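According to TrEMBL, the protein carries these features:
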- 12-35: transmembrane segment (TRANSMEM)
- 47-65: transmembrane segment (TRANSMEM)
- 71-94: transmembrane segment (TRANSMEM)
- 106-129: transmembrane segment (TRANSMEM)
- 135-155: transmembrane segment (TRANSMEM)
- 195-217: transmembrane segment (TRANSMEM)
């Protein structure tokens, strides 16, 4: 009875984690809509998508029945994440007009796929028990997962330096925190250190982002308001200068003012 209850709770938490993780994987959609409309990747970096791709593939391998049995929910969300990242990277390559940058991204993708294929082959042929396979793939998965969660650290540094959370989306940080909590909880039903460790670390990183957001939220509002005011003052100064130089008819300027 207790075992059945624990398994039911684990499945519910896992499904919740899948939904939250799907939201995280889809969070770059507005960025790619912008890329699509402008027909260029501009200064956007492919690194987050390359990191997420390799992370998802590792977790798909980890969740295979012959590697770590009873991990269907781990496979489903990471398979979806892999597909989403493939679409993102395809769009990135299509709209990247820098040939060197495009070639570099292609080479990295090839290296990632070769590494994953080699890992899967070695795991399934050299190691003959699910326990050993889980340990090796789990350790590698922890490394890639922590790297993915650590990616926002550069943004956190920017927040502290500028005292502004303008470039740290609140809902993404909140979703990262919820995702970390859900998968850490899942990892304790029963205990799975390879899921618990990276998601526990990710929860801490995400909580730090939320605390930074709470700390600098008011100062961000002041900074944005001051910037708008400065722009308005600059516009007025330019208008007055144009009138003084005779470039603009004062009557038209006055008439245009409500």
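Cβ from N, Cα, C; glycine included.
Remember, TrEMBL labels are computer predictions, not curated facts.
Among residues of the same chain six or more beyond the transmembrane segment (195-217), those with a C-beta under 8 A of the stretch's C-beta atoms are 74, 141-142, 145-146, 148-150, 152-153, 155-156, 159-160, 163-165, 168, 170, 173-174, 176-177, 179-181, 183-184, 186-188. With respect to Cβ pairs under 8 Å, the transmembrane segment (71-94) is most closely packed against 12-35, considering the stretches 12-35, 106-129, 135-155. Non-local neighbours of the transmembrane segment (135-155) in the same chain are 47-48, 51-52, 54-55, 58-59, 61-62, 67-68, 119, 123, 127, 167-168, 173, 176, 180, 193-194, 197-199, 201-202, 205-206, 209; each lies 6+ residues outside the stretch with a CB under 8 Å from one of its CB atoms.
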